Amino acid sequence: MPSPLDFKDFKRFTVNNAITSGVYPLSEMTVMWLFYENLHSLFLFSLVASARVVVRIFISPLGGVLGDRFDRGKVYLVLKFMTPFILVALSLSMATDGYIIGILLVYIRAIISELTSLMGSTSLATLLPKDLLPRGIFVNRVLKEISSVSGTILWPFLLKYLGPYVLFISALATILTLPLIWNLKINPRNTNVKVTTGFKLFLSKPEVRGAVLGVAIDQSAISYILNYAPLLVQMEGGGALFYSLANIAFYIGMVVGSFIGSRIKNLGLISVINLALKTSLFLPLLLHNPWAVVYAMLAITLADGNLEILWLMSLRKGAGDQYLSSVMGVDEMVTNIGRLSVLEITPFLLVSGFFPLVSLGSFLIGVEGIVNLLHKEMLENDQT
């Protein structure tokens, strides 16, 4: 069987993805850290912290139309070309203490970034034959996570010496990747696409509906662990060391989970593994031990490494390559509505300790299992 890297366009895309994944933590962590330090207002900082979730809800359906109606390779290239300009502008706004104006730039960057991410996810799913997709996801994940860990490790040192100008490194790296994605052959134009196309497929195709609802419920259930990890570590009695260990576990879990998923041919078994791992991570949080958060982060990405394969293959089976961006846009919108809903009530539930959140998470994973059973088409391997 050929290797995914035997496909030239896939190889170019994954190398580009690895490079940009390495510098993404540099820009993201710098923005979050410096805005938190200099805004002096939790309300204003909350606008920055929630920018990506809010943008995904409103911009994802539009991104789906762009990806299907126009050549995804060209749209991806244009978005990547715009990225360095917004990074430089954001860096200069922080360097000159223009943090209020910087909030606007954060949202512009989030729009460009989320559209780019949507085009990238669709590209990854369509650059390979269906039988090679699980292995391709694993190869991409290994290169991406190794690069992300490297950037995360380097960030404190770069921030110390460069401050807001760390974003210049991200901008330069993005420019250097442009030749890699020049003239990528991803999909032809499809003029028979509307904003409603993804929603119609969601309603008519059980594979799409099951994948979208399942992932939305799944990611809502674990969202408070990912977004409130520093707080949870402290509530469990840990400090910076355990927060660092939790992040390391997060990256390791994604690579290992993706490897396991790439070796399993049965989508139903992949679903069972995801549900079992997600169910197992909640109860340990009641033990008041910081290792519980470390395990939770590991279990989340071990499961997500499998779930990513099930999700992509189900959407591709139900929508075909020609409408894949549209259904991914709907998926992003629905998933982030769920995430935002849980994140908004988390502070109120935490007042009563971990039990309400553990109960909520366990309940939602149970609902996800029911959704999977009601949409068995998504669990059937595509024979085409």
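Counting starts with 1 at the first residue shown.
Glycine too: its Cβ is placed from the backbone N, Cα and C atoms.
Cross-referencing 90-109, 210-229 with TrEMBL places the feature transmembrane segment at 210-229. TrEMBL lists transmembrane segment at one of the ranges 241-260, 281-300, namely 241-260.
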